[in-house]
Amino acid sequence: MIDTHDITGLILAGGRGSRMGGVDKGLQNFRGLPLALHTLMRLQPQVGDVMINANRNLAAYESFGVPVWPDGLADYAGPLAGFLTGLERCETPWLLTVPCDTPLFPPDLAARLAQAATREGADIAMAAAPEADERDGTVRVRTQPVFCLLRVTLLESLVRFTQGGGRKIDRWTEQHACAVVAFDQPGDDPHAFYNANTLAELHALEGLGHR
């Protein structure tokens, strides 16, 4: 069994924000708070500790009261660079990654991923959620690879993968035992994994379910 205090949460806020015009996405306003702070408040009850991965405006993120660490890899290398930073700094057996731009993520995310990892003896547990295909509207359950519960012993594997030039999450996670948890049950918020890539999408998210 994985206890809450066995998990450190990592908020991924280190991206370029290119589709938002290059702004620091985690500091954009959502319901009166910076996105990353809203994410922090949603994540804190689910885990033992929290830290933030950011590459700009570090003092602003530090004002939220948790440790802030930039990427160790150069040139905005993507979410795996954040994973790597988190695993290097994590002092608990498990690390839970959450992006800063998906503010409605489930309040039981950590618990359900931890249950699946325990049940399946997996090194990774990854969220999945229903998504409508843009071409034909068909709803399929798709993995959400930035929502990952990772065993910290995976650090060495990720170092090797990134040193070899690997940058895609799924190419790395497929090398390990990975449990996939579908958040498509009755009572699950259908908007839980909606993310904001543009300011218009962020404003649209503000009007969705308050959970």
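Each Cβ is built from the backbone N, Cα and C atoms, and glycine gets one as well.
Record features (Swiss-Prot):
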- Leu12, Ala13, Gly14, Lys25, Asn53, Asp71, Asp101: GTP binding site (BINDING)
- Asp101: Mg(2+) binding site (BINDING)
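Neighbour counts of Cβ atoms within 10 Å were compared across the binding-site residues Asp71, Asp101; the minimum falls on Asp71.
Using a 10 Å radius centred on the Cβ of Ala13 (GTP binding site) and all shown protein chains, the other Cβ atoms total 28. In this view, Leu12 (GTP binding site) is surrounded by 27 other Cβ atoms within 10 Å of its Cβ, with every protein chain counted. Counting only same-chain residues six or more apart in sequence, the Cβ atoms lying under 8 angstroms from the Cβ of Gly14 (GTP binding site) belong to Asn53, Ala54, Asn55, Pro70, Asp71, Tyr76, Ala81, Gly82, Thr85. Secondary structure at Lys25 (GTP binding site), as computed by DSSP, is helix. The number of other CB atoms found within 10 A of the CB of Asn53 (GTP binding site), across every protein chain shown, is 28.
Close to Lys25 (GTP binding site) in the fold, though at least 6 residues off in sequence, lie Ala13, Gly15, Gly17, Leu35, Cys100, Asp101, Ala196, each with a CB less than 8 Å from its CB.
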